[in-house]
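A.B. asks: Here you go, one structure.
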Amino acid sequence: MTGEPAFAAAPAGGLPRRSAQAPASAGGCKTTTSCGTSAPVQDPEIAEKIANHPCYTAEAHQYYARMHVAVAPGCNIQCNFCNRKFDCANESRPGVTSTLLTPEDALAKVNVVASEIKQMSVLGIAGPGDPLANPKPTFRTIELVARDCPDIKLCLSTNGLRLPEFVDRIADLNVDHVTITINMIDPEVGERIYPWVAWRGKRYTGREASKILSEQQLAGLAALTERKILCKVNSVMIPGINDEHLVEVSRTVKGLGAFLHNVMPLVSAPEHGTVFGLTGQRGPTPQELKALQDRCEQDDGAEMNMMRHCRQCRADAVGLLGEDRGDDFLPETFQGREIVYDLAGRQQAHEEIERWRTEVAATRQTLNIATGARTPDVPAAEPVRPAEVVLVAVATKGSGVVNQHFGHAGEFWIYEAGPGWARLVQTRDVDRYCNGPSDCDEDASKLDRTIEMLSDCAAVLCSKIGLGPREALEEAGIEPVEIYDLIDKAVAEIGARLVTDRAPAEVGTP
């Protein structure tokens, strides 16, 4: 295999070349597989839509970037987990932004970002309020970007209250990805999440408010899927309030045609100023979140595509998932500038990405490694999950490679690992242990928190690790592994060894 593509930061030199070539049809996501979700995509049109969408495809998020533009300030509902504060540059939560944009400024920003981050494939309008509560700037932004940036996928996120009203408009503008936040289908649950909704000139509270919201959300979802618009449903997991109920939510939205369900953890802290933050409502542990995602995925034996790699992005996020480059694109970088949209350069960059993805997929096929998705050569077959697996954490900057120093990681990707098995099941945020070569040991609590976050993992894979963290991980019973290789290959190989070497009582089904 050749080295990583030029768009990815990587050590000099490439990976070992594979011993045998696999068919090129295995490459990238332009197959009939779901490319990282647990169910197949038999429709070639859908497969093409999600091929380079970093939110809808787990594999694509290693290669393609997204950006959000904050053009929608107002909201028509109040959530107990939300506080739309402006100028919160140090926060990474949905609904926060540093700057509100006009549609014209949004277009200018998209042009600048698309020229510099050529792997940016998706534009989303996700706040800081609700896009459909601000239809004029939302749809004007979509019109401008569609006119000038024809290769960028258009998405919007909504609470769904006004969704049925705008389904035809969304379809007419060729927006083919819509995310709806649905946290309940039972108003009794909803009244504990939503203090009020503003509907047709009146403010409603209590169960009546939640009933109106739920009816509109489900009607909007059904109408979108009838028009073959791909829908992702976001749900915030709130322990003790809707955690058990979300299994029913998942079952319902699947029945209405939702393509993907994203169960996210509640982000709750007093400094956020939310009702839940101020009242001490806790969020779920990573283990609780994974258990609920697993239940939703396999409810009643019917598989639901679950998003496992969400980063709960800001309303002005820019870059790869897990990477926020918003500070590189402040208003002074795009306001008043005339940028020629580099369509040819972007197409060349995307072709390079796809060549690399083809090599990665071919190597995976040659080594007979399953990732939890059905394979293109046997589309009807279930992936064979080993009876015994362990969890393995990976430090990566993307491109499908273990290529990050342990101390530089702001997040770890969590994989199920076993013989011939490497399945991404979660990402976990941590505080970077190192901010440079000279300040890796000043705050031992950062390392302690990272180790606690990875306490259920059998190993950590990274490109480099210092002696101190290595010893601390070993003391905690976590094996540190220095390696530079394909993630799937490294995870499957390490998993096979760990499953073989560990006592039966230590190996389970995470």
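Glycine is no exception: its Cβ is also placed from the backbone N, Cα and C atoms.
Copied straight from Swiss-Prot:
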BINDING   GLY129, THR181  S-adenosyl-L-methionine binding site
BINDING   CYS310, CYS313  [4Fe-4S] cluster 2 binding site
COMPBIAS  1-16  compositional bias 'Low complexity'
COMPBIAS  25-34  compositional bias 'Low complexity'
DOMAIN    61-308  domain 'Radical SAM core'
A.B. asks: Are there residues of the same chain, six or more positions away from CYS310 ([4Fe-4S] cluster 2 binding site), whose CB falls under 8 angstroms from its CB, and which are they?
C.D. replies: CYS55, ASN234, ASN262, MET264, LEU321, THR427
A.B. asks: Expressed to the nearest Å, what is the distance separating CYS313 ([4Fe-4S] cluster 2 binding site) and GLY129 (S-adenosyl-L-methionine binding site) at their Cα atoms?
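C.D. replies: That comes out at 14 Å between the alpha carbons.
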A.B. asks: Run through the Cβ atoms and count how many others sit within 10 Å of the one on THR181 (S-adenosyl-L-methionine binding site).
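C.D. replies: Counting Cβ neighbours of THR181 (S-adenosyl-L-methionine binding site) within 10 Å gives 22.
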